[in-house]
Amino acid sequence: MSILVKNNIHWVGQRDWEVRDFHGTEYKTLRGSSYNSYLIREGKNVLIDTVDHKFSREFVQNLRSEIDLDAIDYIIINHAEEDHAGALTELMSYIPNTPIYCTTNAIDSINGHHHHPEWNFHTVKTGDSLDIGNGKQLIFVETPMLHWPDSMMTYMTGDAVLFSNDAFGQHYCDERLFNDEVDQTELFEQCQRYYANILTPFSRLVTPKITEILGFNLPVDMIATSHGVVWRENPTQIVELYLKWAADYQEDRITLFYDTMSNNTRMMADAIAQGINEVDPNVAVKIFNVARSDKNEILTNVFRSKGVLVGTSTMNNVMMPKIAGLVEEMTGLRFRNKRASAFGSHGWSGGAVDRLSTRLQDAGFEMSMSLKAKWRPDVDALEICRQHGREIARQWALAPLPEASVKPTQQQENCACAAAATADLGPCMQCSVCQWVYDPALGEPLQDVAPGTPWSDVPDNFLCPECSLGKDVFDVLATEAK
């Protein structure tokens, strides 16, 4: 099956609805992907890229239904990775002498994958062109390390289509091909996820390369990517986003992620987030447990954030393995213009938080003070965590924060509980597992416990909203039990 892109250009690629892992297991393709190949039929017939190797036979079979393979005059390989050039071996078994146009580095990559040095390679560099008849040309632009050394883009004159390789793409599968046809929220989420997890390390190269391409003063009516949609409506919108993302991008957002053995570090994360929100209710705060969250979503949020707090329990004097792995990935992604702080709980001996702080600093983050707790944090320790969050909010604020935005402290809230006790509602009760506090003056509306309900009148089937345990794990709040 083919889809008309424009005039004599057709999409002859492959949709992959089922793929969930890309680059090994490093990128979760939660919405599938597509491998975009394009057939140009002008005075010369040109094939731009192929598809992933696992679809080789299907690709060649579908291509044969579109064109006699012997009629293909040129093959353009913009990128030698297997999801782009994977079907070459199958295709070349039918047309072994067809010229392949690619960069010098691509020959090494193609031979490394396919082991056919006898193929008819023709190397190109930036500014080279290929006449394809009917007054049209293909112009080549090398884009090394966006994101492989062999990468290039191909521009078609006349139709003003830029075949952009991996740039401006998304791992996003849809039966509809064009950007104006698909769900816009999904599309831009996947664009940002793709940039954050794949292209961020090369941000320093993105702006000068885009500037170089724009310097050719060539009109761009469409951008035909290697994955995801073809940009036909306002195609330069994605170019503008790339320029924005490449410029040390950050939003007014803070990301916390952690791993925990006994929920102690989770309690710290929750309290830190509360403190941040007390001081700066306008900042977006996102919390992730790495054991239960999509790694690429975490990294996308780090990319969007002005700062990140990373938490870990101590195990064998070092950080938890999932945290160590994620910090290693952040090191490779080379995030810039971001701050960081480490936190975590330990038992008889620590070590993980200091190690984590060093690793975050080595990864290029501007470090703030770290925070440690021993064993399960009690009321006082959780207040220290909230205070840490308040300080982080002030230090990381993008603009001065008004004093009026500060909420009551935990001590003030405890005073409110004491006032409730004097009003004959009885004491506040604290969950001994997660430290959540039941205040009789407030009740718990989500479980139909009305404000003003003393603990003795709370139904026996009441569950702690934080840890879902019953009334038997609650004790009188420590400040009232003294």
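Backbone N, Cα and C atoms are what each Cβ position is placed from, and that goes for glycine too.
Listed in Swiss-Prot:
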- His79, Glu81, His147, Asp166: Fe cation 1 binding site (BINDING)
- Asp83, Asp166, His227: Fe cation 2 binding site (BINDING)
- 260-264, 342-369: FMN binding site (BINDING)
- Cys431, Cys434, Cys464, Cys467: Fe cation 3 binding site (BINDING)
- 254-393: domain 'Flavodoxin-like' (DOMAIN)
- 426-477: domain 'Rubredoxin-like' (DOMAIN)
- 30-210: region 'Zinc metallo-hydrolase' (REGION)
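Close to Ala342 (FMN binding site) in the fold, though at least 6 residues off in sequence, lie Leu309, Val310, Gly311, Thr312, Val353, Asp354, Leu356, Ser357, Leu360, Ser370, Leu371, each with a CB less than 8 Å from its CB. Excluding the listed site residues Cys431, Cys434, Cys464, Cys467, the same chain places Ser432, Val433, Gln435, Trp436, Pro465, Glu466, Ser468, Leu469, Val473 with Cβ atoms within 8 Å of the centre of the Fe cation 3 site Cβ atoms.
Cβ neighbours of His79 (Fe cation 1 binding site) (same chain, under 8 Å, six or more residues apart in sequence): Asp49, Ala85, Ala106, Trp148, Asp150, Ser151, Met152, Asn165, Asp166, Ser226. Sequence-ordered, the extra residues of this chain that approach the Fe cation 2 site, with Cβ no more than 8 Å from the Cβ center of Asp83, Asp166, His227, are Ser33, Tyr35, Asn36, His79, Glu81, His84, Asn165, Gly169, His171, Thr225, Ser226. Between the C-alpha atoms of Asp362 (FMN binding site) and His147 (Fe cation 1 binding site), the distance comes to 23 Å. Across the range of the domain 'Rubredoxin-like' (426-477), the DSSP-based residue counts are 9 helix, 10 strand, 33 coil. Taking Cα separation as the measure, Gly347 (FMN binding site) is nearest to Cys434 of the binding-site residues His227, Cys431, Cys434. His227 (Fe cation 2 binding site) sits 13 Å from Glu81 (Fe cation 1 binding site), taking the CA atoms of both as reference points. Counting only the Cα atoms, the space from Cys467 (Fe cation 3 binding site) to His147 (Fe cation 1 binding site) is about 44 angstrom. Cβ neighbour count for Met367 (FMN binding site): 13 (other Cβ atoms within 10 Å of its Cβ, all protein chains included).
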